[in-house]
Amino acid sequence: MTFEIPDFMPVIPELFVLGMACAILVIDLFVPQSRRDITYGLSQFTLIGAAILTIALASPETRFTFNDTFIADGLSDLLKVAVYLITAVVFLYSRPYLQDRDIYKGEYYVLGLFGVLGMMIMISSYSFLTLYLGLELLSLSLYAMVAFNRDSARASEAAMKYFILGAIASGMLLYGMSILYGITGSLDIKEVSDYLITSGAGLNVPLVFALSFVIVGLAFKLGAVPFHMWVPDVYHGAPTSVTLFIGTAPKLAGLAIIMRLLVDGLGPLHHDWQGMLTILAVLSLAVGNVVAIAQTNIKRMLAYSTISHVGFILMGILAGTHEGYAAALFYTLVYAIVAAGGFGMIILLSRRGFEAENLDDFRGLNERSPWFAFIMLLIMFSMAGVPPTVGFYAKLAVLQAVVQVEMIWLAIFAVIFSIVGAFYYLRAVKIMYFDKPEDESPLPKALDMNVVLSINGLLVIVLGIFPGLLMSLATGAISW
């Protein structure tokens, strides 16, 4: 048996992030608390450098390395660059929050970078083994980040819930993968797909168990109903800077794992997992939108909102067409942008000794800051799917994909619950514009955050006016 040296070119961004994360961890040991901005600056440099490397190494051809366990293609390039940019925005929004609570530590950024590395591996994995390693690297980083504020009992409780349910989900996913390995004799996603095509065995009992465990494991990780119980507690209990991270970039990696595992690996069983995803999508749309109405805590409201958005993403996947996959990718990218702005606004209104977690904390925001009230209005309208924001076109693309495969009932169901969901978004707008402020203090004047948050909000309307800019990228990245 001859040993071949693998091609390291496709994994250079991963190696760069790994090396920099380890270096930052060591450098942070010697950086005094007053100079903690050095760690922050190096973390941002790492993300920018990784983005440049990924773009520079991008190729129209699909490349494999490490015995076909690692893939670099259009989907991986787009999602990785999106992860870098979203994480850079998350780090920028988080800095004043961490400083005000005396938890401005280098470990936050190091854990974030290791989480990014896990997402990169997930996005480019083409084997059950690499996919699971990337997933666990991300999960372990997130568990630690949720418990980052050690003085908060609520954060520790949320981290424990997240860890226990995350471990159960990982076990189910791993068990499903092990059954697939027993059936096909391979951990390689392409070989699993080839086996299912050539054997023509159909859905036998072992495959039913394998598919069920894989779907349940993925549903847990995505937070789809009925496996969503960790989402509101973790979003509420974690520091807002961590909720911001959990609610944005990992959704991009979650889409990648579905595309690699279900579409690439288990594509021949599409008609079987389509029904499972339909149930998850319907329940997520219904429960997410209805329960969100009863929330007075905006972090819990956005958590249930996330669950309903997962339902839309699953609708694009279950369509099983090129248009459906592109719509799901477009929707996920849009959601990450909008969610970053939403949680960024919560951080903007928070200050030392005060968490702007309740809807009432947004009362009269228009009187305190008309500009940021307008930014929050754009974000809420986009989440509700109001034209001409980009959220409207994201929902429209998914609905078109579902209608094309003659699942008109599902499209009607989604529209009905989108209208239901519009209530709690518009309630937030009403509170900002028509209620009197309880707090008259001016908003913080952190220039970098104010500028980026403004750009973040304006992107919602710019991409809504020119949706083709992002949609063309999403369509080009999908090769199925």
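Using the three backbone atoms N, Cα and C, a Cβ is placed for every residue, glycine included.
Marked as transmembrane segment by Swiss-Prot on the basis of sequence analysis: 11-31, 38-58, 74-94, 109-129, 163-183, 200-220, 239-259, 273-293, 301-321, 329-349, 372-392, 451-471 (among others).
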*What same-chain residues lie close to the transmembrane segment (38-58): Cβ under 8 Å, and 6 or more beyond its ends?*
9-10, 12-13, 16-17, 20-21, 23-24, 27-28, 31, 72, 74, 77, 80-81, 84-85, 87-88, 91-92, 95, 106, 109-110, 112-113, 116, 120
*Does the transmembrane segment (200-220) come near the transmembrane segment (273-293), with 3+ Cβ pairs under 8 Å (pairs 6 or more apart)?*
yes
*Surrounding residues of the transmembrane segment (273-293) on its own chain - C-beta under 8 Å, 6+ positions past either end*: 211-212, 215, 219, 224-226, 228, 262, 266, 301, 304-312, 314-315, 317-318, 320, 407, 410, 413-414, 417-418, 420-421, 423-424
_Positions whose Cβ lies under 8 angstroms from the transmembrane segment (74-94), at least six residues beyond its ends_ = 13, 40, 43-44, 47-48, 50-51, 54-55, 58, 60, 108-109, 112, 116, 119-120, 123-124, 241, 244-245, 248-249, 252-253, 255-256, 259, 329, 333, 336-337, 340, 343-344, 347, 448-449, 452-453, 456, 473-474, 476-479
*Flag the pair the transmembrane segment (239-259) / the transmembrane segment (11-31) as in contact if three or more Cβ pairs fall under 8 Å (sequence separation 6 or more).*
no
_Counting only residues 6 or more past its boundaries, what in the same chain has a CB within less than 8 Å of a CB in the transmembrane segment (329-349)?_
75, 78-79, 82, 86, 89-90, 93-94, 96-97, 240-241, 243-244, 247-249, 251-252, 254-255, 298-299, 302, 306, 309, 312-313, 316, 356-357, 361-362, 365, 372, 375-376, 378-380, 382-383, 390-391, 393-395, 397-398, 443-444, 449-450, 452-453, 456-457, 459-460, 463, 470-471, 474, 477-478
*Who are the chain neighbours of the transmembrane segment (163-183) in space, where the CB to CB distance is under 8 Å and they lie at least 6 residues beyond its ends?*
128, 132, 135-136, 139, 142-143, 192, 195, 206-207, 209-218, 220-221, 227, 229-230, 265
